[in-house]
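Report on one structure; see the data block that follows.
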């Protein structure tokens, strides 16, 4: 149990630090669609795609790796709550077009990046 908790905590801390760094570096570039949050969600979608495919192909890997990468790192990196708050803020400001653009880009982009991650792993294992 303690190993699982430690794996999740280490992964979550690393993911959250990367999310903070992306926001710090990117959000001022285009505030109406904060690119740091978008980058975190797209990168996280890609990483989780690779991880899901990798763990499916390598069931002999310790479950601690899955907890570290998927539950911890991707959970700490991706940020649905921040995305939701940013969209609601845009809606409250009457910025409907940027709000709906953010929804479309985050959701479709994350799904596409997850599929790209799975495809990347399948390509790499050949």
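Glycine is no exception: its Cβ is also placed from the backbone N, Cα and C atoms.
The following features are taken from Swiss-Prot:
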| type | residues | note |
| --- | --- | --- |
| BINDING | 75, 78 | Na(+) binding site |
| TRANSMEM | 4-24 | transmembrane segment |
| TRANSMEM | 36-56 | transmembrane segment |
| TRANSMEM | 68-88 | transmembrane segment |
| TRANSMEM | 99-119 | transmembrane segment |
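Ranked by Cβ pairs under 8 Å to the transmembrane segment (99-119), the stretches 4-24, 36-56, 68-88 are led by 36-56. Listed in sequence order, 15, 19, 40, 41, 44, 45, 48, 110 are the same-chain residues six or more apart from residue 78 (Na(+) binding site) with CB atoms under 8 A from its CB.
Neighbour list (residue 75 (Na(+) binding site), Cβ cut-off 8 Å, at least 6 residues apart, same chain): 8, 11, 12, 15. When secondary structure is read from DSSP and collapsed to three states, residue 78 (Na(+) binding site) falls in the coil class.
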